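TrEMBL lists 21-38, 50-71, 78-97, 103-126, 138-155, 167-186 with the feature transmembrane segment. The annotation region 'Disordered' is assigned in TrEMBL to 208-237.
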Amino acid sequence: MASALDTLIRLFGSRTLSLRFANCCYCWMANCFVYFGLLLNTVTLSGDQYVNFILSGLLEVPANLLVLWLQDYAGRRWPVAGALVVSGVCCLAVLGVPADQPVLSVALYMLGRFAVTISFNVIYVISAEMFPTNIRSSMLNICSSFGTVGLVLAPQTPLLATVSESLPLTLFGVVSLSSGLLALLFPETTGRPLPETLDEAESLGAAVDRAAQRPGGGATGSRPRARKNTSMYERLS
């Protein structure tokens, strides 16, 4: 079995896995940037800033519970991509709300916060399941480290409001939308065997696509016989 360092070096020699790694890093950065950015900018909304901040925090309870169901019934890729797109659309939609409708503005903002919370939870799982076993934890750590870029930039976004009040939400919307669309390039890992080697990781997306094209969803019309992966939530339960 190849060492972790050898596998890591070979990974960057694969165009498919290199692009997947870069996409994963950007997705982590976008999640952290939008998640913490929306949280910090909650106090700039119309109405009582304390109530708005409390509502923003309470939204995470149903969002975190919904993730448990979504991962089983919608997979990993679609919750990440869909939630980021919804969050981006909500951020941009807030900019078009008239000033005399503060309730609608706050509602759209909170929906964006709710959506990015879902994506932020699922990105942990899909990041780990896309890479080979002997470098799985290393790749998760590297990708999540890029998330700190977004974490560092997020507290600076309120300063952009001094230039233009719409600039922070515009930035959140564009980053979230672009990352959500790029997340569609991730392979679906739900119900698939965890890749043990680089070759298995590289063919992960292709294997899912070929299986989906066969009648019955697989080579024999039945579920894959390989070991089914489990998420971190399932392992803790």
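Cβ coordinates come from backbone N, Cα and C, glycine included.
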TODO: Take the transmembrane segment (50-71) and find every residue of the same chain, 6 or more past its ends, with a Cβ under 8 Å from one of its Cβ atoms.
DONE: 38-39, 42-43, 79, 106, 110, 113-114, 117-118, 121-122, 125, 190, 231, 233
- [ ] Select the range from 78-97, 103-126, 138-155 that forms the most Cβ-Cβ pairs under 8 Å with the transmembrane segment (21-38).
- [x] 138-155
Task: Positions on the same chain near the transmembrane segment (103-126), where near means CB under 8 A and six or more residues out - done: 27-28, 31-32, 34-35, 38-39, 42, 45-47, 52, 55-56, 59-60, 62-64, 66-67, 70-71, 76-77, 79-80, 83-84, 86-88, 90-91, 93-94, 97, 140, 144, 172, 176, 180, 186, 189, 231-233
